[in-house]
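First the structure, then my questions, so here it is.
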Amino acid sequence: MSKTIAINAGSSSLKWQLYQMPEEKVLAQGIIERIGLTDSISTVKYDGKKEEHILDIPDHTEAVKRLLNDLIHFGIIDTYDEITGVGHRIVAGGEYFKESVVVDDKVVEQVEELAALAPLHNPGAAAGIRAFRKILPDITSVCVFDTSFHTTMQKHTYLYPIPQKYYTDYKVRKYGAHGTSHKYVAEEAAKMLGRPLDELKLITAHVGNGVSITANYHGQSVDTSMGFTPLAGPMMGTRSGDIDPAIIPYLIAQDPELKDAADVVNMLNKQSGLGGVSGISSDMRDIEAGLQANNPDAVLAYNIFIDRIKKFIGQYFAVLNGADALVFTAGMGENAPLMRQDVVNGLSWFGMEIDPEKNVFGYRGDISTAASKVKVLVISTDEELCIARDVERLKKTVSS
């Protein structure tokens, strides 16, 4: 039986999940954090057990070695030969990649070239790819792109209203992100509703530390909130989301700590959003604790967060000319009932109504009332499974 690893590598972390395929059975999962530091943390979960170790992991190559050694050490696999495929989540595929691809040297180079579109993600992903190809050179490696699902957007949707030379010369356009998640939950929503996906109009809300909203028409992405980079859209955990671009040169002129545009963009990516406004945390659980304590900064951050999400959902009702369902997914989308309640209550004009008894922590499924004209669903995303499936599919093309 073949085993496939789904990888989500960042600049200082490597998250993984091992599947037995084609049964789609999760055998183990884990994460290696703080790569590049002497107190890196490796966590492995398998058979109801959890192993955690602190050690020195200087780079992604050593992280991959540690991961593979752990799989052997804990008896999860007997030999590396059992692993027949590795799938890598890539945030930005630009216009190079409209679907998942088998990795070769050119693919790795293109992923690195696209780092400007996802500076927090693509460099780490490329490092992860190179590490696996070095250590397991004979297995099939596949790249699965967050942007691929959004390549169905029409030109009038993905182009920005700036001179077209910036698109033709520099490929400045909306690319979107979280596409693997949006695709998966839309397919699951169709099953839940008992209707063909190609008959549905859905708004999918991926609300985690990163937040993106997508308008899905008959199974295809027709608009999405993330843009040229994952910085665009609603307010997020540490990202600002959409702001007036004229703020950037203004801040450079006013704040001596912000020396150039890169400094401002770094601030917008890493020091803004819920964490930046509240001064407390980027974690919604901490923000909700602040609400309970009547912390004014927590209240302000929460209100901005809800307001921005509602506005994007409202936009996509207009884009789709109505919707059959609103789908919440990802960390906050699945586990923050107060957030879901306040978003939906602010959109009641569209005919949505939440059942408070179903809108509780841990519930999955239809949380709307019987009278709700638009269904409200909570669906757990499974990007890793989507990656593993694409590896299995593309392995057949390599062997044929």
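Yeah, the Cβs are placed from backbone N, Cα and C, and that goes for glycine too.
The Mg(2+) binding site annotation in Swiss-Prot covers Asn8, Glu383 and rests on sequence analysis. What Swiss-Prot records for Lys15, His206, Val207, Gly208, Asn209, Gly210, Asp283, Met284, Arg285, Gly331, Met332, Gly333, Glu334, Asn335 is ATP binding site, and it gives sequence analysis as the kind of evidence. What Swiss-Prot lists as substrate binding site is Arg89. Taken from Swiss-Prot, the feature active site, proton donor/acceptor covers Asp146, and the record attributes it to sequence analysis. The site 'Transition state stabilizer' feature in Swiss-Prot is assigned to His178, Arg239; the stated evidence is sequence analysis.
Structural setting of the listed features?
In the three-state DSSP scheme, Glu383 (Mg(2+) binding site) is classed as helix. Applying an 8 A CB threshold to same-chain residues 6+ apart, the list for Glu383 (Mg(2+) binding site) reads Ala6, Asn8, Arg89, Thr180, Ser181, Tyr184.
Sequence-distant neighbours of Glu334 (ATP binding site) (same chain, 6+ residues apart, CB-CB distance under 8 A): Phe328, Arg364, Val378, Ile379, Ser380, Thr381.
Long-range Cβ proximity for Asp146 (active site, proton donor/acceptor), meaning a same-chain Cβ under 8 A and a gap of 6 or more residues, is found for Arg89, Ile90, Val91, Ala92, Gly93, Gly176, Ala177, His178, Gly179, Thr180.
Counting only residues at least six positions away in the same chain, the Cβ atoms of Gly210, Pro230, Leu231, Leu268, Asn269, Lys270, Ser272, Gly273 sit under 8 Å from the Cβ of Arg239 (site 'Transition state stabilizer').
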What are the sequence-distant neighbours of Asn209 (ATP binding site), meaning same chain, six or more residues apart, C-beta distance under 8 angstroms?
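Long-range Cβ contacts: Met236, Gly237, Thr238, Ser282, Gly331.
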Which one, from the recorded positions Lys15, Arg89, His178, Arg285, has the smallest tally of other C-beta atoms lying within 10 Å of its C-beta?
Arg285
